[in-house]
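Pulled from TrEMBL:
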DOMAIN    17-205  domain 'ABC transmembrane type-1'
DOMAIN    291-535  domain 'ABC transporter'
TRANSMEM  20-44  transmembrane segment
TRANSMEM  65-95  transmembrane segment
TRANSMEM  183-208  transmembrane segment
Amino acid sequence: MDLFLHYLSMPYLLDGVGYTLLITVLGLLGGLVMGVVLAAMQLSRFRTLAVIARGYSIIFRGTPLILQMVFCYNALPLIGIKLTAISAAGLALALNEAPFIAEILRSNVLGVDRGQVSAGQALGMTPAAIMRRVIAPQAIRSMVPALGNEAVSALKNSSLASVVAVQELTLRSTQLASATFDFFSIFFASGLMYLVLTGAIAVIQIVVEMLLDLDRPPPKEQLRRFLRALLPGRAVPEPAGAAGTVPPDVAGEILEEIAVDPLPPASPKAALARPDREARARRLAGNNVAVEVKELRKNYGDQTVLDGIDLTVRAGEVVALLGPSGSGKSTLLRCINRLEGWEGGTIRVGGRFLGTDEGGRGLSPRATAQMRAGVGVGMVFQQFNLFGHLTARENIAGPLRWVQGLSRLDADRRAQELLERVGLAHRADALPRHLSGGQQQRVAIARAVAPGPSVLLLDEPTSALDPELVGEVLEVIRRLAVEDGLAMIISTHQLHFAGEVADRIVFLAGGSIVEEGPADRVLNQPRHPLTARFLSTMAAE
Ligand SMILES: Nc1ncnc2c1ncn2[C@@H]1O[C@H](COP(=O)(O)OP(=O)(O)OP(=O)(O)O)[C@@H](O)[C@H]1O
């Protein structure tokens, strides 16, 4: 035992620990930097870069680290790069770690819900802003455990540096054991030193995970969890109310969450029924054109999804898109917002060709995003697509700061105003996953109208909701239509709502508009047999 304690505090071995740490840090930091570059290359639009990165991964994941160490130390000098043993070992470890770290980064970036990316695009965020504000914060949270694993394996792999005579812990332990023949005490002491180092990595991982935890509890509870994670076998006293019973503040929160949160009273304007439809139609006919779609053709592979669509929507007009599933409603909305490209025809929003310059040449994703924000076209998605790591308030205020350049104060004020308007001011600090579907969609609508768009596209805004939540969302949309005078194109299966709110109904089937006209006329006296069949099927449901 004495010998064991002696080796534990022996400077010769402790120096070895220092070298071990140095190589590990070099390997991890270098691997992280190269991993980011490799991941970016693999995710890039440029195929050549992706192919080069993949080739690198195949070579460096597929060959033993020990050979890479020897290569860096003995072969690089042949081409004029002479490194010290420690630098060569650090470089080899970095080269070896890079493809593993790149895969962790890539898979976590791809794991972020694509709907949130579409929402960011629709809000006018540039690809860089989407990466920085939406993808990276969520990807980083989910990659911490895998990076912790990688750090532990890098630490253990650093022992291979002994092959190029780096005096790290394993080499020094072996040398000492060969000289003293006290194998057991020395290797036991060095094993314990490795355990302390990997234990420290585990502690760092736990702390980072806790700091990044979006549901982070108060500091006292955090300390208790930390101790419980460190001492899994030992009972750490639960605070009152933690076991079995729900503490009063949490119970209050849950009750608040499930409580009905009614919309504020409608403005007198919104409470009124639609004014005389014919007078309104005449007034709308004199308004500027908000959206103009001409001869739009869109294919997915061999399938023609939109086949020569012509559609004009005027400022303030509400158009309901009806049609059977697969008729192309969502695709049409996504094309209008330039979230999709197309094969033929033109689309103008607010008089501008979104995504192309005056000469018809395609703009970069960044320029398209800026144009989207400039023309003022908002979008609400079937699956809400709220940014999962941001509170309701931040979902609205964030894009106002990042895209419209508002100050934090102004953006927060506008977000609060809109949350009040959709009846959710009391849930401003809630994360999307703590809101019901109806509440999430109300926040998503508030987010879409926050920058004051002139055109709002709503893609089946209620079809992902439980029936009892549909009404609250439709009421928010109805009020927007009446109060704000936005041009709206709504794809919906809610016939009653379409009849009440829409000025015009456009019926799509097989990628073509087969009928369009005033909402009450189309709903009550459809002229095309497909419209009639669809309406009677929907009515029967
Ligand atoms: N990204 C895609 N890749 C390939 N095909 C697609 C893609 N998106 C849509 N489609 C196809 O395009 C057609 C139209 O789809 P779209 O979602 O626009 O219809 P929809 O009328 O909105 O349907 P629903 O009412 O069910 O949402 C469908 O046949 C669909 O399978």
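Glycine is no exception: its Cβ is also placed from the backbone N, Cα and C atoms.
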Spatial neighbours of the transmembrane segment (183-208) far in sequence, C-beta under 8 Å, 6+ residues away: 3-4, 6-8, 10, 13, 16-17, 20-21, 144-145, 147-148, 151-152, 155-156, 169-170, 172-173, 176-177, 226, 229-230
Positions whose Cβ lies under 8 angstroms from the transmembrane segment (20-44), at least six residues beyond its ends: 50, 52-54, 56-57, 86-87, 89-106, 109-110, 150-151, 154-155, 157-159, 161, 166, 168-170, 197
Contacting positions for the transmembrane segment (65-95) when only residues 6+ beyond its ends and CB under 8 Å are counted: 19, 22-24, 26-31, 33-34, 154, 157-158, 160-161, 163-166, 168
